[in-house]
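What TrEMBL records for 12-238 is domain 'Orotidine 5'-phosphate decarboxylase'. Under the heading substrate binding site, TrEMBL lists ASP18, LYS40, 67-76, THR132, ARG193, GLN202, 222-223. The annotation active site, for OMPdecase activity is assigned in TrEMBL to ASP67, LYS69, ASP72. As annotated by TrEMBL, active site, proton donor applies to LYS69.
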Amino acid sequence: MFVSEQHVVDVPIYVALDVENRRQAFELLEKLGDACRYVKVGLELYLAEGPALVEALVARELSVFLDLKLFDIPNTVAGAVKSVASLGVDMLTIHTLGGATMLEAAAEAASSRALHALSGKPLRLLGVTLLTSVDDAGIRQMGLSDDPLSAHVLRLAGTAHDAALHGVVCSGHEVAMVKTRYPALSALVPGIRLGGESKDDQARVVTPGYAVAHGADYLVVGRPITRAPDPHEALLAFLQNLKGGSQDV
Ligand SMILES: O=c1ccn([C@@H]2O[C@H](COP(=O)(O)O)[C@@H](O)[C@H]2O)c(=O)[nH]1
């Protein structure tokens with residue numbers, strides 16, 4: 001397995017700021033306090049507030065993961081990556097189902113030295129394999145073959161690897177398999193729960209401890225923290241669970 005004590009300590013938990021607007025986002029950050037150094041901005045907040053909100057978060061010295069899950073023709077995606085690269089975010093998502101040519105165009109755009117000079121840091125591209133809300137029945141509905149879900153995740157991770165992406169998004173159920181086959185890829189794992197609480201719309205969930213024990217490099221947690229009566233306490237509980245070993249939900 002991939003785990004050393006250092007690995008566990010270094011695995012960041014990105015808190016998903018899945019809220020309606022800037023006011024709610026900053027109220028949440030206030031509640032989370034200094035324990036929160038990593039945030040995820042998704043479609044809801046980005047479409048409401050745009051790049052200015054992202055720049056405000058970066059200015060607070062938070063590490064920002066922009067989860068836009070780009071999916072379009074290669075030229076359009078490459079242009080979007082260039083637009084994002086100047087914002088100073090650390091990571092951006094793109095759908096691996098968009099295909100090799102799209103991923104390669106995105107990777108080339110993200111590696112532009114001129115863009116790094118503009119933002120001061122590299123933009124890491126993460127390829128979403130299969131959303132953690134999808135189960136076996138879901139992939140049949142999507143028209144994918146009868147292969148097990150994990151085989152599709154591994155194939156899509158291979159496309160991300162060959163296109164020289166920084167990493168992939170997968171669930172904690174597949175992370176060990178992905179990291180064993182493609183050790184150079186980083187793995188970001190959503191669908192994180194402590195056990196006992198609601199899975200909400202997630203299908204493939206694991207605990208923080210299980211995810212890191214199986215090789216996750218980054219975790220993302222939303223509702224169990226942001227909708228908790230005390231988000232700060234909830235974040236601490238997730239951070240504590242990181243060190244708690246590999247028990248599954
Ligand atoms: O496959 C994926 C890709 C991204 N996400 C995002 O992670 C968070 C998870 O939120 P929870 O409230 O902890 O369920 C959310 O922002 C998703 O957009 C994902 O869940 N699965």
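Glycine is no exception: its Cβ is also placed from the backbone N, Cα and C atoms.
Known features from TrEMBL, placed on the structure.
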residue	record	Cβ contacts under 8 Å, 6 or more apart
ASP18	substrate binding site	GLY42, GLU44, LEU45, GLY222, ARG223, THR226
ASP67	active site, for OMPdecase activity	ALA16, LYS40, VAL41, GLY42, LEU43, LEU92, THR93, VAL220
LEU68	substrate binding site	GLY42, LEU43, TYR46, ALA80, VAL84, LEU92, THR93
LYS69	active site, for OMPdecase activity	LEU43, THR93, ILE94, HIS95, VAL128
PHE71	substrate binding site	VAL77, ILE94, HIS95, LEU97, GLY98, MET102
ASP72	active site, for OMPdecase activity	ALA80, GLY98, MET102
PRO74	substrate binding site	THR101, MET102, GLU104, ALA105, ALA106
THR132	substrate binding site	CYS170, SER171, PRO190, GLY191, GLN202, ALA203, ARG204, VAL205
Which of the binding-site residues ASP18, PHE71, GLY222 have a Cβ less than 6 Å from any atom of ligand 1? ASP18, GLY222
Please report the three-state DSSP label of GLY222 (substrate binding site). coil
Does DSSP give LYS69 (active site, for OMPdecase activity) helix, strand or coil? strand
By a three-class reduction of DSSP, THR132 (substrate binding site) is assigned coil
